[in-house]
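Over in Swiss-Prot, the protein carries these features:
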REGION    1-29  region 'Disordered'
BINDING   E86, E111, D138, D160  S-adenosyl-L-methionine binding site
ACT_SITE  D160  active site
BINDING   K164, D196, T233, R234, Y235, E236  substrate binding site
Amino acid sequence: MSDSDASRPSAIASDGPDAAGKHASGAPWRNFYGRFKGKTLKPNQVRDLDEMLPELSPGAVGWDENPEREPLDLEAQFQGRDVWLEVGFGGGEHLVHQAESNPDVGIIGAEPYVNGVAMLLGKLRKSSAENVRVHAGDARDLMDVLPAQSLSRAFLLYPDPWPKARHHRRRFVTQEHLEPLARVLKPGAIFRVATDIPDYVRQTLEEVPKAGFKWLAEGPEDWRKPWGDWISTRYEQKALREGRTPHYLTFQRQD
């Protein structure tokens, strides 16, 4: 993967903040480094976005509909079940696999790239899973309104590597993202990270523990072998074809 990988979000230009550093809606200004849309959507994908996405909403996430940032009612959404979060679900293979394998768990996926959202919806249309909610936007906005200590597990799988050194601050594994994630995870919750980029591994191992996580590894096999419930994604297959080695990192949220 690279900055020019068309299958991942790429840099875009956007309007700047006002003098107070906020949008007109009151939302804090957050740089988004990526595309929201790629190839032209097929008619069935447009239909899925129009028909399915509103039904799968986790609730009022956007600043325009929830300016007071009231917490989402996950109890109403998932009837008391454990809730998991996948940050940047790509084409949705892993999310659908987990939803089908764990019907007693609620899963929220956050993905700003509309083509990826459309791919997930297409898979869900063919799936029996009824335990999924989808936020088609920035995970930071979602984490704003998730209740504290409400999630039992989180996944970050083959995120955009931003390989250039000057772009490393754009990676998810910075405190800007990790501290909000730690806030919404329960003590003891699991955070899984998969990546094929050695420097991303390095930054992950440096930054994630600073946010209150413990790396659960006793030996090399703990990060060389995939998790027992793993399904290989298209991004992983691309990495393997190009000769890169996947790493599977497991962290636990501390008290």
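Backbone N, Cα and C define each Cβ position, glycine as well.
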Compute the C-alpha separation of D160 (S-adenosyl-L-methionine binding site) from T233 (substrate binding site), stating it in Å without decimals.
-> 14
Which whole-number value in Å describes the distance between the Cα atoms of R234 (substrate binding site) and E86 (S-adenosyl-L-methionine binding site)?
-> 16
Annotated substrate contacts K164, D196, T233, R234, Y235, E236, maximal Cα-Cα distance (Å, integer) | 24
What's the CA-CA gap between E86 (S-adenosyl-L-methionine binding site) and Y235 (substrate binding site) in angstrom, rounded?
-> 15
Tertiary neighbours of E111 (S-adenosyl-L-methionine binding site) (same chain, Cβ under 8 Å, six or more apart) | G88, F89, G90, V117, L120, V134, H135, A136
Once the DSSP letters are reduced so that anything not helix or strand counts as coil, what is E86 (S-adenosyl-L-methionine binding site)?
-> strand
Using the Cβ centroid of E86, E111, D138, D160 as the reference point for the S-adenosyl-L-methionine site, which residues of the same chain not in that list have Cβ within 8 Å?
-> V87, G88, F89, A110, P112, Y113, G116, A139, P159
Least buried of the binding-site residues D138, D160, E236, going by other Cβ atoms within 10 Å?
-> D138
Residue with minimal Cβ packing [other Cβ atoms within 10 Å] among the binding-site residues K164, R234 | K164
Cβ neighbour count (10 Å, all chains) around Y235 (substrate binding site) is 24
E236 (substrate binding site) falls, by three-state DSSP, under helix
Whole number in angstrom, please: the longest C-alpha to C-alpha distance across E86, E111, D138, D160 for S-adenosyl-L-methionine.
-> 14
Whole-number Å only: compute the distance from the Cα of E236 (substrate binding site) to the Cα of D138 (S-adenosyl-L-methionine binding site).
-> 23
T233 (substrate binding site), number of other Cβ atoms within 10 Å | 21
